[in-house]
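In Swiss-Prot this protein carries:
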- His33: site 'Important for tRNA non-discrimination' (SITE)
- Glu175, Arg221, His453, Arg493: L-aspartate binding site (BINDING)
- 199-202: region 'Aspartate' (REGION)
- Arg221, Asp222, Glu223, Glu486, Gly538, Ile539, Asp540, Arg541: ATP binding site (BINDING)
Amino acid sequence: MHAYRSHTCTELNAAHVGQEVRLSGWVHRVRDHGGVLFLDLRDHYGITQVIADADSPAFAELETVRAEWVIRIEGRVKARDASLVNPKLATGEIEVYATGMSVLGAADELPLPVFGETDYPEETRLTYRFLDLRREKLHQNMMLRSNVVRSLRNRMWGAGFNEFQTPIITASSPEGARDFLVPSRLHPGKFYALPQAPQQFKQLIMVAGFDRYFQIAPCFRDEDPRADRSPTDFYQLDIEMSFVEQEDVFAAVQPVIQGLFEEFGHGKRVDADWPRIAYRDAMLWYGSDKPDLRNPIKMQVVSEHFAGSGFAIFAKLLENEGTEIRAIPAPTGGSRKFCDRMNAFAQSQGLPGMGYIFWRKGDDGAMEAAGPLAKNIGPERTEAIRQQLGLGEGDAAFFLGGKPETFEAVAGRARTEIGRELGLTEENCFKFAWIVDFPMYEKDDEGKIDFSHNPFSMPQGGMEALEGDPLKVHAYQYDLACNGYELISGGIRNHKPEIMFKAFELAGYPKEEVEKRFGGMVKAFRYGAPPHGGCAAGIDRIVMLLADEANIREVIMFPMNQRAEDLLMGAPSEPTNEQLRELRLRVVPKD
């Protein structure tokens, strides 16, 4: 018999009754029922109940064990009485009568319990992450992640892609976030960078003549933390293809992602219709470039109904160029109480509030419009709004005005909140959409032209488009949204040096700087580069959706906290003076 176990803690069943076995694992919990000990022994695979009475040679030793001790049990498999069978356990038909026990690893008093799902402060959970990971839900999440990665690999191989690894330490490049820099000991004063993504390398793989590439790639970005984003590092399914257009990438990716969600979605419906929605339409209809299509609410422009109306605030606003009024329909939201609650929500998001109209049955039995706006703009305009929005008795509509960029984000959050409160957002399904036609450029906080997304995307219209207004240029850039999250981002690449130089010039990068920062890729493009494109899917976020978790740290084995600290390993840490001397660095105190 093996030194530690003859079976795992999920293998034994009625067919093993009478056999002598050896099990090893953690003490999940112990119960003393008046001279009979019941011990749940847990390993990676499951739980087996162990019993010992006063006649058992192991009884005295088992009385000393505590939760999370690692022990080895020798014993005999017994059938449980029919009334004691536990259908929730794979081993619920049997129990092991202990005849011997050895302690393999004792445990100190636990800072957090493993048994049960009691909520503990995140600081405690991350400091003792190895204990946290023993808890059932988190253990399941990590196994889900492992299985998702394995499935992705199999699906990519099956689709004719080849897996290649790219460098983990490389040169710094501007890709939308801060780099993690690594000082060079051999080249004092110079720094490497951890890659924000394998972007340049995967494009070079295409230039090198390989056709379909993928990688489960680690990416490193010094970012501000969010619930759906790690502040330091993450993993992505990285994809690149040669001789493709946008629709070719979509056709290659959809079977992989759709199949993955069907495999691990716990029976939730996975919609096969993935619409293409222009970025501008997504912002107009949903107030977000990652819309949750489970919510049927679509916002609309209703400026014409307020221009010259009796509602002076909106009428005066519309006299300014670039302003508009948008409506958020709220089917079944036609009560003053609900409307006031949503108005308060808008105020909590930093806006003065939202105007609203709701439709109800009047004293004469006919439908009438009510609310502050209805009184100001009159029945003809409110009726025109109702008809445009397709609303009726018992419904409501909310209104926001100004320049779209000042209220779109809040409008999107209000749409989400309205859908949730009214029960309009469909549960138990995954709805996908490709967001396309992203603007190539945007203005930064200082009013300067900058890239809005990936700087390596091909501008729609090529060089000719770059000769006009940069803010009107669209890129062959696309995202895949699912249930309100961005799962994939990608683009058709700019593989022509002259167009690349012009694109970067508009964003303030002279040719010399582009040559310096991207010299390897520019050089490669001068030796015959194929048209190519691809994308990257965030694995952490995909697993978060499949696990139905609200926080990405619940699907990462050893995550950082909100302050980008590893509480278990003590990172970041101070270097020794010797390390600093070797690197010819010194720490400058904060002002």
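Indices start at 1 and increase along the chain as displayed.
Heads up, the Cβ atoms here are built off N, Cα and C, so glycines get one too.
Secondary structure counts, DSSP: the region 'Aspartate' (199-202) has 4 helix, 0 strand, 0 coil.
Nearest by CA distance to Asp540 (ATP binding site), out of the recorded positions His33, Arg221, His453, Arg493, is Arg221. Note on proximity: of the recorded positions His33, His453, Arg493, the one nearest Asp222 (ATP binding site) is His453, by Cα distance. Burial estimate for the recorded positions (His33, Arg221, His453, Arg493, Arg541): highest at Arg493, by number of other CB atoms within 10 Å.
The binding-site residues Asp222, Asp540 differ in how many other CB atoms lie within 10 Å of their CB, and the one with the most is Asp540. Distance from the CA of Gly538 (ATP binding site) to the CA of Arg221 (L-aspartate binding site) is 13 Å. Here the candidates are the recorded positions His33, His453, Arg493, and by Cα distance the one nearest Gly538 (ATP binding site) turns out to be His453. Confidence in the region 'Aspartate' (199-202), given as mean pLDDT, stands at 95.
Nearest by CA distance to Glu486 (ATP binding site), out of the recorded positions His33, His453, Arg493, is His453. Distances between the Cα of Arg541 (ATP binding site) and those of the recorded positions His33, His453, Arg493 are shortest for His453.
Of all Cβ atoms in the shown protein chains, 23 besides its own fall within 10 Å of the Cβ of Gly538 (ATP binding site). Under a cutoff of 8 A between CB atoms, and with a sequence separation of 6+ in the same chain, the neighbours of Glu223 (ATP binding site) are Ala177, Arg178, Arg229, Pro231, Thr232. Residues near Ile539 (ATP binding site) in space but far in sequence (CB under 8 A, at least 6 apart, same chain), listed by position: Arg145, Val148, Val149, Leu152, Ile216, Phe234, Tyr235, Gln236, Leu237.
A separation of roughly 69 Å, to the nearest angstrom, links the Cα atoms of His33 (site 'Important for tRNA non-discrimination') and Arg493 (L-aspartate binding site).
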